[in-house]
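Feature annotation from TrEMBL assigns coiled coil to 443-470. Annotation source TrEMBL lists domain 'DUF1899' at 5-69. As annotated by TrEMBL, region 'Disordered' applies to 417-440. Feature annotation from TrEMBL assigns repeat 'WD' to 78-120, 128-170, 172-213.
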Amino acid sequence: DTMRRVVRQSKFRHVFGQAVKNDQCYDDIRVSRVTWDSSFCAVNPRFVAIIVDASGGGAFLVLPLHKTGRIDKSYPTVCGHTGPVLDIDWCPHNDQVIASGSEDCTVMVWQIPENGLTLSLTEPVVVLEGHSKRVGIVAWHPTARNVLLSAGCDNAIIIWNVGTGEALINLDDMHVDMIYNVSWNRNGSLICTASKDKKVRVIDPRKQEIVAEKEKTHEGARPMRAIFLADGNIFTTGFSRMSERQLALWNPKNMEEPIALHEMDTSNGVLLPFYDPDTNIIYLCGKGDSSIRYFEITDESPYVHYLNTFSSKEPQRGMGFMPKRGLDVNKCEIARFFKLHERKCEPIIMTVPRKSDLFQDDLYPDTAGPEAALEAEEWFEGKNADPLLISLKHGYIPGKNRDLKVVKKNILDNKPAGNKKSDLISAPKKAADASNPQNDAKLDEILKELKSIKDTISNQDERISKLEQQMAKIAD
């Protein structure tokens, strides 16, 4: 009865999902067939990125949001990895920077041109090498600029300063088994992980210590997920011993018993949770399911309140989740998903029905904006900061992003004196190499354009002379 009463009063009670019309989908995309439980899709207010099948290596597509319809087979991709790409994540502080983790054991960080790709991108801004097995998880720090976390099948978590290309924290002795997922908390001071040994761990990465852990979070053997909520609690999805899918809510200060535990159904797809800290709604998308279920988290029992289910015919291969600043506030849109089918990507829009055309400030509290609250160095030194919030009252207008610059630390500082001379010769070259790929790409673009203009002119010349000949004949 309490469940019913609480849901009655929720303003999200009538949230409904709607798939967009066919011509607003992204069609003819060969979505990756790698068996890996990541979401295969990442979106921000400018671009949608999708991991695709690529022969001989790993690639993903980056499409400007407005580029809907059929995507040409020859459309350029981001294709610098030598093995399949397993996970991608857009930088929260720069809508043109994306990180990718791959089976080739590397993490790469890419700068996407402002209007999207015109040529395939093979040169990352920086390659981060430190894992000894494939890298299945990449996650940017929520509030500090250029801090990136990666987790690999070597059971290690590495936290990088992307601005210098260095691995500054290596947590390689905390997990004895495969890491299923990693989630930062709201200010990025802690991470929580779900692992194949059925444990959820809360870790302070800078102190390199486990602050809390729970054994057998879910009894079943299939993959779990654990994410931090805005209030510091942890939400998990997993399986019971009888292979039923479960969701649970935990207080990391006391992990003995869950705050709430619900059984859902007996499907075997891993539940990917997507969380909106502004509305406290969690959307669960099962891989291979054809539905999205959503729940509101509150302080009142039963704490996790079922709201509704969006159902469709086709199963989902993966899912992208738009940050709040990419939504249409005039239409009371509170979430937008990008659902991957085998051959297309279909946006699904979640709306709260309201009669008024005015800005609904109860639906849109100030949300995390694109400005970083800290620099990487400050975070590594021990500072914390909450996200810098912006108002969506007049919609969000993407600003200009600064280019990601990687300044490699001088390698000479920690080398023995003997080989300084040769190092001095190679060090400046490295720095020059780092900045070149972008210039090269720009140059190539300009040269291509020049060539096509020249071709057009010579074609027109031929045409004019032919027409002149015809005119002459007619005049004769």
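Cβ from N, Cα, C; glycine included.
Each residue of the repeat 'WD' (78-120) gets a DSSP state, and the totals for helix, strand and coil are 0 helix, 22 strand, 21 coil. Across the domain 'DUF1899' (5-69), mean pLDDT in this model comes to 90. Panel annotation: around the coiled coil (443-470), residues 118-119 of the same chain, lying at least six beyond its termini, place a Cβ under 8 Å from a Cβ of the stretch. Outside the repeat 'WD' (172-213), and at least 6 residues removed from its termini, the chain residues within Cβ reach (under 8 Å) are 37, 136-137, 139, 141-144, 147, 149, 151, 153-157, 159, 219, 221, 223-228, 230, 232, 234, 236, 238, 250, 252-253, 255, 277, 379-380, 382, 384-387. The helix, strand and coil residue counts that DSSP assigns across the domain 'DUF1899' (5-69) are 8 helix, 24 strand, 33 coil. Each residue in the repeat 'WD' (172-213) gets a DSSP state, and the totals come to 0 helix, 21 strand, 21 coil.
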